[in-house]
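Undergrad: TrEMBL lists these features:
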type	residues	note
DOMAIN	1-187	domain 'N-acetyltransferase'
SITE	56	site 'Crucial for catalytic activity'
BINDING	121-134, 157-166	acetyl-CoA binding site
REGION	226-300	region 'Disordered'
COMPBIAS	233-245	compositional bias 'Polar residues'
COMPBIAS	259-272	compositional bias 'Gly residues'
COMPBIAS	281-300	compositional bias 'Polar residues'
Ligand SMILES: CC(=O)SCCNC(=O)CCNC(=O)[C@H](O)C(C)(C)COP(=O)(O)OP(=O)(O)OC[C@H]1O[C@@H](n2cnc3c(N)ncnc32)[C@H](O)[C@@H]1OP(=O)(O)O
């Protein structure tokens with residue numbers, strides 16, 4: 001992603017980390033922050049957010065400078081300093097943050113947890129599948145001191161699911177009733193960081209709904225589509241997408257989804273992330289309105 005100004009003073013490192021004040025982390029930078037770069041930084045964040053939203057077929061950006069300021073999220077930005085005649089280009093970004101979630105364990109018990117969540121992740125279309133996503137993700141894991149299985153993912157796209165499976169062997173999700181995805185091993189050997197884990201019975205409703213961005217930007221959906229949380233609202237007769245971890249067939253040129261496998265994919269409608277693979281139609285019709293999913297029914 002190119003800009004008319006020099007990116008190198010804004011992002012002095014190959015991977016720079018911004019906090020919710022849009023300040024660079026001292027741990028990953030050598031220089032100090034320059035206030036005159038504020039405006040350019042806002043421009044970059046907003047452009048990156050727009051590109052990510054477009055790639056995920058979202059109706060609005062979930063990463064903007066103003067959202068960054070109102071949420072305690074962190075933004076890892078990967079740039080190439082030499083490209084664009086030395087002005088640099090942004091290759092991609094990864095946004096994470098702690099959220100209080102109600103997470104179901106494999107026995108269906110509900111646990112209230114403050115957990116690190118992956119909230120937005122984007123690599124420029126022209127640079128995907130070159131290892132940049134892995135570089136960003138590994139950097140974040142190391143900096144945050146977490147293992148991939150201990151993360152909660154806000155409604156991962158199909159590409160992201162493939163990525164997680166390929167690089168980190170995450171392919172077996174524990175069914176949830178919110179839009180976050182956690183994988184097997186999520187509850188095992190978690191680092192102690194003041195995390196609250198209050199076991200509750202599955203049937204008890206959380207005190208508050210935890211809404212991922214992906215829901216909050218769903219402006220245009222009719223009410224009936226808002227009723228059910230993901231993945232239940234995915235359970236319409238669809239063709240299953242490519243199996244995870246395999247390279248897809250060549251691009252089919254669908255707007256906003258240029259690098260996807262194409263076959264069997266559908267737009268989720270205004271505001272949704274790109275769809276994840278879904279169960280065969282026979283299963284989906286049968287389980288469209290069920291209140292819980294067994295492991296074999298999780299749609300990937
Ligand atoms: C919580 C969320 O943020 S969900 C939204 C995630 N973001 C998106 O979907 C936006 C569009 N996609 C992207 O920006 C990128 O594809 C990312 C961020 C998911 C991955 O970044 P990349 O730089 O492509 O990843 P990297 O090169 O390290 O790894 C490649 C692997 O990722 C997965 N992947 C990347 N692109 C695709 C694709 N078009 N189709 C299927 N799998 C893909 C595959 O497992 C791939 O391995 P393979 O080529 O051997 O099949």
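Backbone N, Cα and C define each Cβ position, glycine as well.
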Undergrad: Count the other Cβ atoms sitting within 10 Å of the Cβ of residue 133 (acetyl-CoA binding site), across every protein chain shown.
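TA: There are 22 such Cβ atoms around residue 133 (acetyl-CoA binding site).
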Undergrad: To the nearest whole angstrom, what is the C-alpha distance linking residue 124 (acetyl-CoA binding site) and residue 56 (site 'Crucial for catalytic activity')?
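TA: Here the two Cα atoms lie 12 Å apart.
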Undergrad: Return the residues near residue 121 (acetyl-CoA binding site) by Cβ distance under 8 Å, restricted to its own chain and a separation of at least 6 in sequence.
TA: 52, 92, 93, 94, 95, 133, 136, 137, 160
Undergrad: Under 8 Å between C-beta atoms and at least six apart in sequence, can you list the same-chain neighbours of residue 130 (acetyl-CoA binding site), or say none if there are none?
TA: none
Undergrad: Please check the binding-site residues 124, 161, 164 against ligand 1 and give me the ones with CB under 6 A, sequence order.
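TA: Among 124, 161, 164, near ligand 1: none.
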Undergrad: Rank the binding-site residues 127, 161 by how many other Cβ atoms lie within 10 Å of each Cβ and give me the one with the fewest.
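TA: Candidates: the binding-site residues 127, 161. Fewest Cβ atoms within 10 Å: 127.
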Undergrad: Cβ neighbours within 10 Å, counted over all protein chains: which one of the recorded positions 56, 158 has the most?
TA: 56
Undergrad: Compared by Cα position, which of the binding-site residues 127, 158, 161, 164 is the closest one to residue 56 (site 'Crucial for catalytic activity')?
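TA: Out of the listed candidates, the nearest Cα belongs to 158.
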Undergrad: In this predicted model, what is the average pLDDT of the domain 'N-acetyltransferase' (1-187)?
TA: 92
Undergrad: Which of these binding-site residues has the least crowded Cβ, counting other Cβ atoms within 10 Å: 124, 164?
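TA: Ranked by other Cβ atoms within 10 Å, the binding-site residues 124, 164 bottom out at 124.
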Undergrad: In DSSP terms, helix, strand or coil for residue 133 (acetyl-CoA binding site)?
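TA: SS state of residue 133 (acetyl-CoA binding site) = helix.
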